[in-house]
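All remarks here apply to the structure that follows.
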(Lines of atoms letter the chains of each structure in order from A and count residues from 1; the text may use other names and numbers.)
(Lines give C-alpha, C1' and ligand atoms only; values in the text may rest on other atoms or scores of the structure.)
Protein backbone atom coordinates (compact mmCIF):
# COMPACT_ATOMS: atom_id res chain seq x y z
CA UNK A 1 0.00 0.00 0.00
CA UNK A 2 1.38 3.40 -0.86
CA UNK A 3 2.92 5.44 1.90
CA UNK A 4 0.87 8.62 1.50
CA UNK A 5 -2.38 7.44 -0.07
CA UNK A 6 -5.60 7.12 1.98
CA UNK A 7 -6.94 3.63 2.28
CA UNK A 8 -10.39 3.20 0.76
CA UNK A 9 -12.53 0.32 1.94
CA UNK A 10 -15.01 -0.92 -0.65
CA UNK A 11 -17.64 -3.63 -0.94
CA UNK A 12 -17.66 -5.82 -4.02
CA UNK A 13 -21.29 -6.89 -3.70
CA UNK A 14 -24.26 -4.77 -4.89
CA UNK A 15 -26.25 -3.27 -2.10
CA UNK A 16 -23.34 -3.33 0.36
CA UNK A 17 -21.75 0.01 -0.50
CA UNK A 18 -20.02 1.62 2.46
CA UNK A 19 -21.43 4.70 4.09
CA UNK A 20 -17.98 6.20 4.46
CA UNK A 21 -14.59 5.51 3.05
CA UNK A 22 -11.54 5.35 5.26
CA UNK A 23 -9.92 8.63 6.20
CA UNK A 24 -6.31 9.13 7.17
CA UNK A 25 -4.94 11.69 9.62
CA UNK A 26 -1.26 12.30 10.13
CA UNK A 27 0.08 11.94 13.63
CA UNK A 28 3.34 11.19 15.34
CA UNK A 29 3.36 8.22 17.71
CA UNK A 30 3.77 8.06 21.41
CA UNK A 31 7.10 7.07 22.81
CA UNK A 32 7.77 3.87 24.69
CA UNK A 33 11.00 3.97 26.70
CA UNK A 34 11.07 0.19 26.90
CA UNK A 35 11.01 -0.47 23.18
CA UNK A 36 13.44 0.86 20.60
CA UNK A 37 11.95 1.50 17.13
CA UNK A 38 13.61 -0.01 14.09
CA UNK A 39 13.03 2.47 11.26
CA UNK A 40 10.89 5.58 11.46
CA UNK A 41 7.98 5.96 9.08
CA UNK A 42 8.08 8.84 6.62
CA UNK A 43 4.36 9.55 6.96
CA UNK A 44 2.76 8.40 10.24
CA UNK A 45 -0.91 7.75 9.51
CA UNK A 46 -4.04 6.90 11.45
CA UNK A 47 -6.13 4.20 9.78
CA UNK A 48 -9.91 4.57 10.18
CA UNK A 49 -12.63 2.47 8.59
CA UNK A 50 -16.39 2.45 9.10
CA UNK A 51 -19.07 -0.09 8.21
CA UNK A 52 -16.78 -2.21 6.03
CA UNK A 53 -18.71 -5.02 4.32
CA UNK A 54 -17.40 -7.75 2.08
CA UNK A 55 -19.01 -10.87 0.60
CA UNK A 56 -17.82 -13.60 -1.73
CA UNK A 57 -19.72 -16.01 -3.94
CA UNK A 58 -19.18 -19.71 -3.39
CA UNK A 59 -20.25 -21.85 -6.35
CA UNK A 60 -20.07 -25.60 -6.80
CA UNK A 61 -19.27 -26.97 -10.20
CA UNK A 62 -22.25 -28.45 -11.97
CA UNK A 63 -22.48 -31.08 -14.67
CA UNK A 64 -22.93 -30.86 -18.39
CA UNK A 65 -24.23 -27.63 -19.88
CA UNK A 66 -25.64 -27.05 -23.33
CA UNK A 67 -22.76 -24.71 -24.10
CA UNK A 68 -20.48 -27.72 -24.19
CA UNK A 69 -18.63 -27.02 -20.95
CA UNK A 70 -19.31 -27.79 -17.34
CA UNK A 71 -21.59 -25.22 -15.83
CA UNK A 72 -21.89 -23.89 -12.28
CA UNK A 73 -24.12 -25.48 -9.72
CA UNK A 74 -25.69 -23.81 -6.72
CA UNK A 75 -24.12 -20.53 -5.63
CA UNK A 76 -24.28 -19.00 -2.18
CA UNK A 77 -22.88 -15.87 -0.60
CA UNK A 78 -20.52 -15.98 2.34
CA UNK A 79 -20.11 -12.91 4.53
CA UNK A 80 -16.48 -12.21 5.32
CA UNK A 81 -16.92 -8.78 6.90
CA UNK A 82 -20.22 -7.34 8.11
CA UNK A 83 -20.21 -3.73 9.27
CA UNK A 84 -16.69 -3.62 10.73
CA UNK A 85 -15.57 -0.27 12.14
CA UNK A 86 -12.18 0.50 13.61
CA UNK A 87 -9.42 2.98 14.39
CA UNK A 88 -5.68 2.28 14.50
CA UNK A 89 -3.22 5.00 15.51
CA UNK A 90 0.43 5.14 14.49
CA UNK A 91 2.81 3.52 16.89
CA UNK A 92 0.27 0.79 17.58
CA UNK A 93 0.11 -2.89 16.68
CA UNK A 94 -3.49 -3.93 16.00
CA UNK A 95 -4.60 -7.53 15.65
CA UNK A 96 -7.79 -8.87 14.07
CA UNK A 97 -8.80 -12.31 15.35
CA UNK A 98 -11.52 -14.52 13.84
CA UNK A 99 -12.34 -18.22 13.61
CA UNK A 100 -10.64 -19.87 10.67
CA UNK A 101 -12.88 -20.76 7.74
CA UNK A 102 -12.25 -23.60 5.29
CA UNK A 103 -13.13 -21.32 2.40
CA UNK A 104 -10.43 -18.83 3.32
CA UNK A 105 -6.77 -19.26 2.54
CA UNK A 106 -3.86 -17.21 3.75
CA UNK A 107 -1.28 -15.54 1.59
CA UNK A 108 1.77 -17.26 0.14
CA UNK A 109 5.18 -15.67 0.89
CA UNK A 110 7.00 -15.59 -2.41
CA UNK A 111 6.77 -19.38 -2.57
CA UNK A 112 8.62 -20.38 -5.81
CA UNK A 113 11.56 -18.09 -5.07
CA UNK A 114 12.60 -19.80 -1.83
CA UNK A 115 14.78 -22.86 -1.64
CA UNK A 116 16.07 -24.56 1.48
CA UNK A 117 14.81 -22.07 4.09
CA UNK A 118 12.64 -22.50 7.15
CA UNK A 119 9.15 -21.18 7.69
CA UNK A 120 10.39 -18.50 10.06
CA UNK A 121 12.94 -17.29 7.55
CA UNK A 122 10.24 -17.25 4.88
CA UNK A 123 7.98 -15.10 7.06
CA UNK A 124 10.76 -12.70 8.00
CA UNK A 125 11.84 -12.27 4.39
CA UNK A 126 8.24 -11.64 3.36
CA UNK A 127 7.85 -8.91 5.98
CA UNK A 128 11.26 -7.49 5.15
CA UNK A 129 10.27 -7.36 1.48
CA UNK A 130 7.24 -5.24 2.37
CA UNK A 131 9.50 -2.91 4.38
CA UNK A 132 11.72 -2.10 1.41
CA UNK A 133 9.62 0.96 0.59
CA UNK A 134 9.33 2.05 4.25
CA UNK A 135 5.50 2.07 4.32
CA UNK A 136 3.54 4.02 6.90
CA UNK A 137 0.79 1.41 6.96
CA UNK A 138 1.74 -2.26 7.14
CA UNK A 139 -0.92 -4.95 6.58
CA UNK A 140 0.13 -8.50 7.48
CA UNK A 141 -1.88 -11.67 6.98
CA UNK A 142 -1.22 -14.18 9.78
CA UNK A 143 2.54 -13.59 10.10
CA UNK A 144 2.90 -16.20 12.85
CA UNK A 145 0.90 -19.09 11.36
CA UNK A 146 2.74 -22.40 11.23
CA UNK A 147 5.65 -21.17 13.37
CA UNK A 148 6.85 -22.33 16.75
CA UNK A 149 6.29 -20.02 19.72
CA UNK A 150 9.88 -18.75 19.86
CA UNK A 151 10.04 -17.86 16.18
CA UNK A 152 6.57 -16.31 16.34
CA UNK A 153 7.61 -14.11 19.26
CA UNK A 154 10.74 -12.97 17.44
CA UNK A 155 8.66 -11.97 14.42
CA UNK A 156 6.12 -10.16 16.59
CA UNK A 157 8.91 -8.36 18.46
CA UNK A 158 10.17 -7.10 15.11
CA UNK A 159 6.66 -6.02 14.10
CA UNK A 160 6.23 -4.24 17.44
CA UNK A 161 9.47 -2.33 16.95
CA UNK A 162 8.34 -1.36 13.46
CA UNK A 163 5.10 -0.02 14.92
CA UNK A 164 6.94 2.04 17.52
CA UNK A 165 8.86 3.72 14.75
CA UNK A 166 5.71 5.68 13.92
CA UNK A 167 4.14 3.02 11.73
CA UNK A 168 0.60 1.68 11.83
CA UNK A 169 0.57 -2.13 11.83
CA UNK A 170 -2.59 -4.15 11.22
CA UNK A 171 -2.35 -7.93 11.31
CA UNK A 172 -4.70 -10.88 11.28
CA UNK A 173 -3.75 -13.57 13.73
CA UNK A 174 -5.21 -16.97 14.54
CA UNK A 175 -5.12 -18.30 18.10
CA UNK A 176 -1.91 -16.65 19.38
CA UNK A 177 -0.25 -17.75 22.57
CA UNK A 178 -0.83 -15.69 25.70
CA UNK A 179 2.67 -14.32 25.39
CA UNK A 180 1.95 -13.06 21.87
CA UNK A 181 -1.49 -11.75 22.78
CA UNK A 182 -0.16 -9.39 25.44
CA UNK A 183 2.20 -7.82 22.90
CA UNK A 184 -0.70 -6.26 20.98
CA UNK A 185 -1.92 -2.77 21.80
CA UNK A 186 -5.42 -3.21 20.37
CA UNK A 187 -7.45 -6.16 19.17
CA UNK A 188 -10.59 -6.60 17.10
CA UNK A 189 -12.54 -9.84 17.37
CA UNK A 190 -14.92 -11.00 14.65
CA UNK A 191 -17.60 -13.66 14.76
CA UNK A 192 -18.90 -14.72 11.36
CA UNK A 193 -17.72 -11.39 9.98
CA UNK A 194 -19.42 -9.31 12.68
CA UNK A 195 -17.39 -7.40 15.31
CA UNK A 196 -17.86 -8.42 18.95
CA UNK A 197 -14.96 -6.45 20.44
CA UNK A 198 -12.69 -3.57 19.47
CA UNK A 199 -10.38 -1.98 21.98
CA UNK A 200 -7.24 -2.36 24.10
CA UNK A 201 -5.94 -5.90 24.38
CA UNK A 202 -5.34 -5.50 28.11
CA UNK A 203 -9.02 -4.80 28.91
CA UNK A 204 -10.66 -7.40 26.68
CA UNK A 205 -11.12 -10.02 29.42
CA UNK A 206 -12.59 -7.42 31.78
CA UNK A 207 -15.06 -6.36 29.09
CA UNK A 208 -16.29 -9.90 28.48
CA UNK A 209 -16.52 -10.49 32.22
CA UNK A 210 -18.69 -7.36 32.53
CA UNK A 211 -21.24 -8.75 30.09
CA UNK A 212 -21.47 -12.14 31.80
CA UNK A 213 -18.69 -14.20 30.23
CA UNK A 214 -16.36 -14.66 33.16
CA UNK A 215 -14.04 -17.61 33.71
CA UNK A 216 -12.70 -18.75 37.06
CA UNK A 217 -9.67 -20.55 35.64
CA UNK A 218 -6.44 -19.16 34.23
CA UNK A 219 -6.81 -19.20 30.49
CA UNK A 220 -5.09 -17.83 27.43
CA UNK A 221 -7.10 -14.69 26.55
CA UNK A 222 -6.90 -15.54 22.86
CA UNK A 223 -8.36 -19.02 23.46
CA UNK A 224 -11.26 -17.59 25.44
CA UNK A 225 -11.98 -14.99 22.77
CA UNK A 226 -11.82 -17.56 19.98
CA UNK A 227 -14.30 -19.73 21.86
CA UNK A 228 -16.61 -16.77 22.34
CA UNK A 229 -16.36 -15.91 18.66
CA UNK A 230 -17.53 -19.45 17.92
CA UNK A 231 -20.40 -19.15 20.41
CA UNK A 232 -18.99 -21.13 23.33
CA UNK A 233 -19.39 -19.50 26.73
CA UNK A 234 -16.75 -20.34 29.40
CA UNK A 235 -19.19 -22.36 31.53
CA UNK A 236 -19.99 -24.59 28.51
CA UNK A 237 -16.42 -25.90 28.33
CA UNK A 238 -15.65 -28.74 30.77
CA UNK A 239 -12.02 -29.67 30.96
CA UNK A 240 -10.75 -31.74 28.08
CA UNK A 241 -13.85 -31.29 25.91
CA UNK A 242 -13.05 -31.32 22.23
CA UNK A 243 -14.42 -29.10 19.48
CA UNK A 244 -16.22 -32.08 17.91
CA UNK A 245 -18.28 -32.55 21.08
CA UNK A 246 -19.04 -28.84 21.40
CA UNK A 247 -20.17 -28.67 17.80
CA UNK A 248 -22.96 -31.21 18.31
CA UNK A 249 -26.51 -30.29 17.25
CA UNK A 250 -27.87 -29.81 20.82
CA UNK A 251 -25.50 -26.89 21.38
CA UNK A 252 -26.36 -24.96 18.21
CA UNK A 253 -29.10 -22.91 19.84
CA UNK A 254 -26.87 -22.08 22.78
CA UNK A 255 -24.09 -20.99 20.41
CA UNK A 256 -26.49 -18.73 18.52
CA UNK A 257 -27.64 -17.19 21.80
CA UNK A 258 -24.03 -16.52 22.88
CA UNK A 259 -23.26 -14.83 19.57
CA UNK A 260 -26.45 -12.79 19.79
CA UNK A 261 -25.53 -11.62 23.28
CA UNK A 262 -22.03 -10.64 22.15
CA UNK A 263 -23.34 -8.70 19.15
CA UNK A 264 -25.94 -6.92 21.26
CA UNK A 265 -23.34 -5.98 23.87
CA UNK A 266 -21.02 -4.67 21.15
CA UNK A 267 -23.73 -2.42 19.71
CA UNK A 268 -24.61 -1.15 23.17
CA UNK A 269 -21.16 -0.68 24.73
CA UNK A 270 -18.61 -0.27 21.94
CA UNK A 271 -20.13 0.68 18.58
CA UNK A 272 -21.39 4.17 19.49
CA UNK A 273 -18.22 5.01 21.42
CA UNK A 274 -16.05 3.84 18.54
CA UNK A 275 -17.93 5.98 16.01
CA UNK A 276 -17.55 9.00 18.26
CA UNK A 277 -13.84 8.28 18.49
CA UNK A 278 -13.69 8.18 14.69
CA UNK A 279 -15.38 11.58 14.43
CA UNK A 280 -13.19 13.31 16.99
CA UNK A 281 -9.84 11.77 16.02
CA UNK A 282 -9.21 13.97 12.96
CA UNK A 283 -7.67 16.82 14.90
CA UNK A 284 -4.12 17.92 14.18
CA UNK A 285 -2.79 17.08 17.63
CA UNK A 286 0.46 15.23 17.73
CA UNK A 287 1.94 12.88 20.23
CA UNK A 288 4.96 14.24 22.00
CA UNK A 289 8.07 12.22 22.53
CA UNK A 290 10.22 9.66 20.77
CA UNK A 291 11.74 12.39 18.60
CA UNK A 292 9.20 11.72 15.83
CA UNK A 293 6.89 14.72 16.29
CA UNK A 294 8.53 16.65 13.48
CA UNK A 295 8.98 14.00 10.81
CA UNK A 296 9.67 15.40 7.34
CA UNK A 297 6.66 15.26 5.04
CA UNK A 298 8.46 14.25 1.85
CA UNK A 299 6.57 13.41 -1.28
CA UNK A 300 8.37 10.48 -2.70
CA UNK A 301 6.85 7.77 -4.83
CA UNK A 302 9.78 5.34 -4.95
CA UNK A 303 12.06 4.39 -2.10
CA UNK A 304 15.14 4.02 -4.33
CA UNK A 305 16.16 5.24 -7.76
CA UNK A 306 15.37 3.48 -11.02
CA UNK A 307 18.97 2.31 -11.26
CA UNK A 308 18.86 0.90 -7.74
CA UNK A 309 15.66 -1.02 -8.53
CA UNK A 310 17.26 -2.34 -11.71
CA UNK A 311 20.36 -3.59 -9.90
CA UNK A 312 18.41 -5.36 -7.14
CA UNK A 313 16.03 -7.11 -9.55
CA UNK A 314 18.91 -8.02 -11.88
CA UNK A 315 20.85 -9.60 -9.02
CA UNK A 316 17.80 -11.57 -7.92
CA UNK A 317 17.06 -12.66 -11.48
CA UNK A 318 20.59 -13.95 -11.99
CA UNK A 319 20.52 -15.93 -8.75
CA UNK A 320 17.13 -17.50 -9.44
CA UNK A 321 17.44 -18.20 -13.17
CA UNK A 322 20.74 -20.02 -12.90
CA UNK A 323 19.00 -22.95 -11.21
CA UNK A 324 16.46 -23.15 -14.00
CA UNK A 325 18.77 -22.67 -17.00
CA UNK A 326 21.90 -24.49 -15.87
CA UNK A 327 20.29 -27.67 -14.66
CA UNK A 328 21.78 -30.99 -15.65
CA UNK A 329 18.80 -32.04 -17.73
CA UNK A 330 18.87 -28.98 -19.97
CA UNK A 331 22.65 -29.11 -20.39
CA UNK A 332 22.41 -32.80 -21.27
CA UNK A 333 19.64 -32.03 -23.76
CA UNK A 334 21.63 -29.39 -25.64
CA UNK A 335 24.97 -31.23 -25.60
CA UNK A 336 23.47 -34.57 -26.63
CA UNK A 337 21.51 -33.04 -29.54
CA UNK A 338 24.59 -31.15 -30.71
CA UNK A 339 26.76 -34.27 -30.52
CA UNK A 340 24.24 -36.47 -32.29
CA UNK A 341 23.72 -33.89 -35.03
CA UNK A 342 27.49 -33.54 -35.37
CA UNK A 343 27.81 -37.27 -35.94
CA UNK A 344 25.03 -37.21 -38.55
CA UNK A 345 26.62 -34.28 -40.41
CA UNK A 346 30.16 -35.44 -39.69
CA UNK A 347 32.63 -33.48 -41.84
CA UNK A 348 30.18 -32.82 -44.67
CA UNK A 349 32.13 -32.32 -47.97
CA UNK A 350 31.86 -28.85 -49.59
CA UNK A 351 30.25 -30.40 -52.67
CA UNK A 352 27.28 -31.67 -50.64
CA UNK A 353 25.31 -28.41 -50.76
CA UNK A 354 22.05 -30.16 -49.87
CA UNK A 355 23.46 -31.48 -46.58
CA UNK A 356 25.22 -28.21 -45.73
CA UNK A 357 22.11 -26.10 -46.36
CA UNK A 358 20.10 -28.59 -44.30
CA UNK A 359 22.54 -28.11 -41.44
CA UNK A 360 22.06 -24.34 -41.68
CA UNK A 361 18.32 -24.81 -41.53
CA UNK A 362 18.68 -27.09 -38.50
CA UNK A 363 20.59 -24.32 -36.73
CA UNK A 364 17.83 -21.81 -37.46
CA UNK A 365 15.01 -24.16 -36.49
CA UNK A 366 16.43 -25.55 -33.24
CA UNK A 367 17.52 -22.19 -31.85
CA UNK A 368 14.51 -20.44 -33.30
CA UNK A 369 12.02 -22.47 -31.29
CA UNK A 370 13.84 -23.89 -28.27
CA UNK A 371 14.11 -20.45 -26.56
CA UNK A 372 10.59 -19.57 -27.73
CA UNK A 373 9.01 -22.31 -25.63
CA UNK A 374 11.21 -21.56 -22.62
CA UNK A 375 10.40 -17.84 -22.54
CA UNK A 376 6.62 -18.39 -22.83
CA UNK A 377 6.67 -19.54 -19.18
CA UNK A 378 8.50 -16.47 -17.85
CA UNK A 379 5.77 -13.96 -17.07
CA UNK A 380 2.87 -16.36 -16.35
CA UNK A 381 4.98 -18.06 -13.67
CA UNK A 382 5.93 -14.72 -12.09
CA UNK A 383 2.51 -13.12 -12.36
CA UNK A 384 1.53 -13.48 -8.69
CA UNK A 385 4.91 -12.24 -7.49
CA UNK A 386 4.84 -9.31 -9.95
CA UNK A 387 1.37 -8.27 -8.81
CA UNK A 388 2.32 -8.54 -5.13
CA UNK A 389 5.53 -6.57 -5.43
CA UNK A 390 4.07 -3.89 -7.70
CA UNK A 391 1.07 -3.47 -5.39
CA UNK A 392 3.56 -2.72 -2.62
CA UNK A 393 5.22 -0.06 -4.78
CA UNK A 394 8.58 -1.80 -4.74
CA UNK A 395 9.68 -0.94 -8.26
CA UNK A 396 8.69 0.44 -11.61
CA UNK A 397 7.55 -1.90 -14.33
CA UNK A 398 10.29 -0.61 -16.63
CA UNK A 399 13.04 -1.48 -14.15
CA UNK A 400 11.60 -4.97 -13.64
CA UNK A 401 11.21 -5.62 -17.36
CA UNK A 402 14.68 -4.45 -18.37
CA UNK A 403 16.36 -6.21 -15.43
CA UNK A 404 14.51 -9.41 -16.27
CA UNK A 405 15.51 -9.07 -19.92
CA UNK A 406 19.16 -8.30 -19.25
CA UNK A 407 19.38 -11.00 -16.60
CA UNK A 408 18.34 -13.64 -19.12
CA UNK A 409 21.03 -12.76 -21.66
CA UNK A 410 24.11 -14.51 -20.21
CA UNK A 411 22.14 -17.65 -19.39
CA UNK A 412 20.01 -17.84 -22.53
CA UNK A 413 23.09 -17.34 -24.75
CA UNK A 414 25.46 -19.75 -22.98
CA UNK A 415 23.82 -22.98 -24.16
CA UNK A 416 23.43 -21.97 -27.84
CA UNK A 417 27.09 -20.94 -27.83
CA UNK A 418 28.04 -24.42 -26.60
CA UNK A 419 25.76 -25.94 -29.22
CA UNK A 420 27.35 -24.00 -32.09
CA UNK A 421 30.91 -24.73 -30.90
CA UNK A 422 30.22 -28.47 -30.93
CA UNK A 423 28.19 -28.78 -34.11
CA UNK A 424 29.95 -26.23 -36.31
CA UNK A 425 33.31 -27.98 -36.28
CA UNK A 426 31.93 -31.51 -36.22
CA UNK A 427 29.74 -30.71 -39.23
CA UNK A 428 32.72 -29.61 -41.29
CA UNK A 429 31.42 -26.13 -42.07
CA UNK A 430 33.62 -23.36 -43.44
CA UNK A 431 36.91 -23.69 -41.48
CA UNK A 432 37.36 -19.95 -41.06
CA UNK A 433 37.34 -18.22 -37.63
CA UNK A 434 35.50 -15.23 -39.09
CA UNK A 435 32.81 -17.47 -40.57
CA UNK A 436 32.49 -19.32 -37.27
CA UNK A 437 32.00 -16.16 -35.21
CA UNK A 438 29.57 -14.71 -37.73
CA UNK A 439 27.54 -17.93 -37.65
CA UNK A 440 27.56 -17.83 -33.86
CA UNK A 441 26.33 -14.21 -33.87
CA UNK A 442 23.52 -15.07 -36.27
CA UNK A 443 22.37 -17.97 -34.07
CA UNK A 444 22.49 -15.84 -30.91
CA UNK A 445 20.63 -13.08 -32.75
CA UNK A 446 17.91 -15.55 -33.66
CA UNK A 447 17.76 -16.73 -30.04
CA UNK A 448 17.06 -13.18 -28.86
CA UNK A 449 14.31 -12.69 -31.43
CA UNK A 450 12.69 -16.03 -30.56
CA UNK A 451 12.91 -15.22 -26.86
CA UNK A 452 11.28 -11.84 -27.51
CA UNK A 453 8.35 -13.50 -29.26
CA UNK A 454 7.96 -15.97 -26.40
CA UNK A 455 7.95 -13.14 -23.84
CA UNK A 456 5.29 -11.31 -25.86
CA UNK A 457 3.07 -14.42 -26.09
CA UNK A 458 3.42 -15.12 -22.37
CA UNK A 459 2.75 -11.51 -21.36
CA UNK A 460 -0.29 -11.18 -23.63
CA UNK A 461 -1.97 -14.46 -22.67
CA UNK A 462 -0.64 -14.87 -19.12
CA UNK A 463 -1.56 -18.54 -19.31
CA UNK A 464 0.97 -21.33 -19.77
CA UNK A 465 -1.35 -23.74 -21.61
CA UNK A 466 -2.67 -21.11 -24.01
CA UNK A 467 0.85 -19.75 -24.54
CA UNK A 468 2.36 -23.12 -25.42
CA UNK A 469 -0.55 -23.87 -27.76
CA UNK A 470 -0.07 -20.62 -29.66
CA UNK A 471 3.71 -21.13 -29.70
CA UNK A 472 3.29 -24.58 -31.26
CA UNK A 473 1.10 -23.14 -34.03
CA UNK A 474 3.64 -20.40 -34.72
CA UNK A 475 6.43 -22.97 -34.71
CA UNK A 476 4.78 -25.10 -37.39
CA UNK A 477 3.92 -22.13 -39.59
CA UNK A 478 7.41 -20.57 -39.35
CA UNK A 479 8.98 -23.98 -39.95
CA UNK A 480 7.06 -24.49 -43.18
CA UNK A 481 7.59 -20.93 -44.36
CA UNK A 482 11.29 -20.92 -43.42
CA UNK A 483 12.42 -21.37 -47.03
CA UNK A 484 13.71 -24.92 -46.92
CA UNK A 485 10.74 -27.28 -47.12
CA UNK A 486 8.52 -25.30 -49.50
CA UNK A 487 10.57 -23.58 -52.18
CA UNK A 488 7.75 -22.60 -54.52
CA UNK A 489 5.23 -20.85 -52.30
CA UNK A 490 2.08 -19.57 -54.09
CA UNK A 491 2.15 -15.84 -54.81
CA UNK A 492 -0.94 -15.02 -52.76
CA UNK A 493 0.71 -16.35 -49.57
CA UNK A 494 4.38 -15.80 -50.36
CA UNK A 495 4.43 -12.75 -48.11
CA UNK A 496 4.01 -15.02 -45.08
CA UNK A 497 7.62 -16.15 -45.10
CA UNK A 498 8.73 -12.59 -44.37
CA UNK A 499 7.10 -12.86 -40.95
CA UNK A 500 9.27 -15.85 -40.03
CA UNK A 501 12.49 -15.02 -38.22
CA UNK A 502 13.65 -18.55 -39.06
CA UNK A 503 13.62 -17.51 -42.71
CA UNK A 504 15.99 -14.61 -42.04
CA UNK A 505 18.24 -16.68 -39.77
CA UNK A 506 18.49 -19.40 -42.42
CA UNK A 507 19.29 -16.84 -45.10
CA UNK A 508 21.97 -15.14 -43.00
CA UNK A 509 23.64 -18.47 -42.15
CA UNK A 510 23.75 -19.34 -45.86
CA UNK A 511 25.20 -15.89 -46.53
CA UNK A 512 28.02 -16.58 -44.08
CA UNK A 513 28.89 -19.93 -45.65
CA UNK A 514 28.44 -19.05 -49.34
CA UNK A 515 28.70 -16.11 -51.71
CA UNK A 516 27.21 -15.50 -55.14
CA UNK A 517 30.56 -16.32 -56.78
CA UNK A 518 30.94 -19.74 -55.16
CA UNK A 519 30.78 -22.95 -57.21
CA UNK A 520 30.35 -26.57 -56.27
CA UNK A 521 30.74 -29.87 -58.10
CA UNK A 522 27.15 -30.72 -59.05
CA UNK A 523 28.19 -33.81 -61.02
CA UNK A 524 31.45 -35.45 -61.99
CA UNK A 525 33.61 -32.80 -63.60
CA UNK A 526 30.75 -30.26 -63.77
CA UNK A 527 30.80 -27.10 -61.65
CA UNK A 528 27.57 -25.27 -60.81
CA UNK A 529 26.86 -22.00 -59.04
CA UNK A 530 25.82 -22.26 -55.42
CA UNK A 531 23.09 -19.62 -55.86
CA UNK A 532 21.41 -21.84 -58.46
CA UNK A 533 20.93 -24.68 -55.98
CA UNK A 534 17.16 -24.90 -55.21
CA UNK A 535 17.32 -24.53 -51.42
CA UNK A 536 19.72 -21.58 -51.76
CA UNK A 537 17.87 -19.98 -54.65
CA UNK A 538 14.59 -20.01 -52.67
CA UNK A 539 15.97 -17.50 -50.16
CA UNK A 540 18.80 -15.83 -52.10
CA UNK A 541 22.06 -14.35 -50.85
CA UNK A 542 21.37 -10.64 -51.37
CA UNK A 543 20.26 -7.83 -49.06
CA UNK A 544 21.68 -9.52 -45.99
CA UNK A 545 21.96 -6.26 -44.05
CA UNK A 546 18.30 -5.59 -44.71
CA UNK A 547 17.53 -8.96 -43.12
CA UNK A 548 19.59 -7.97 -40.08
CA UNK A 549 17.54 -4.78 -39.73
CA UNK A 550 14.24 -6.64 -40.09
CA UNK A 551 15.22 -9.04 -37.31
CA UNK A 552 16.15 -6.04 -35.15
CA UNK A 553 12.68 -4.59 -35.70
CA UNK A 554 11.21 -7.95 -34.69
CA UNK A 555 13.37 -8.14 -31.58
CA UNK A 556 12.44 -4.65 -30.38
CA UNK A 557 8.82 -4.93 -31.51
CA UNK A 558 8.13 -8.19 -29.69
CA UNK A 559 9.72 -6.92 -26.48
CA UNK A 560 7.77 -3.68 -26.67
CA UNK A 561 4.58 -5.71 -27.10
CA UNK A 562 5.51 -7.73 -23.99
CA UNK A 563 6.13 -4.53 -22.02
CA UNK A 564 2.79 -3.05 -23.02
CA UNK A 565 1.02 -6.31 -22.20
CA UNK A 566 2.50 -6.31 -18.69
CA UNK A 567 0.83 -2.97 -18.05
CA UNK A 568 -2.47 -4.85 -18.10
CA UNK A 569 -1.37 -6.93 -15.13
CA UNK A 570 -2.64 -4.49 -12.55
CA UNK A 571 -1.94 -5.04 -8.86
CA UNK A 572 -4.99 -6.16 -6.91
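All positions are counted from 1 along the displayed chain.
Cβ atoms are placed via backbone N, Cα and C, with glycine included.
Taken straight from TrEMBL:
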- 1-30: region 'Disordered' (REGION)
- 2-217: domain 'ABC transporter' (DOMAIN)
- 10-25: compositional bias 'Polar residues' (COMPBIAS)
- 325-346: transmembrane segment (TRANSMEM)
- 358-380: transmembrane segment (TRANSMEM)
- 401-425: transmembrane segment (TRANSMEM)
- 437-461: transmembrane segment (TRANSMEM)
- 468-486: transmembrane segment (TRANSMEM)
- 544-566: transmembrane segment (TRANSMEM)
Stretch of maximal Cβ-Cβ contact with the transmembrane segment (325-346) [cut-off: under 8 Å; candidates 358-380, 437-461, 468-486, 544-566]: 358-380
Predicted model, mean pLDDT over the domain 'ABC transporter' (2-217): 70
Recorded stretch that, among 358-380, 401-425, 437-461, has the most CB pairs under 8 Å to the transmembrane segment (468-486): 358-380
Sequence-remote partners of the transmembrane segment (401-425) [C-beta within less than 8 Å, at least six residues beyond its ends]: 309-311, 313-314, 317-318, 321-322, 325-326, 330-331, 334-335, 337-339, 341-342, 345, 359, 363, 366-367, 371, 374-375, 378, 436, 439-440, 443-444, 447-448, 451, 455, 559, 562-563, 566
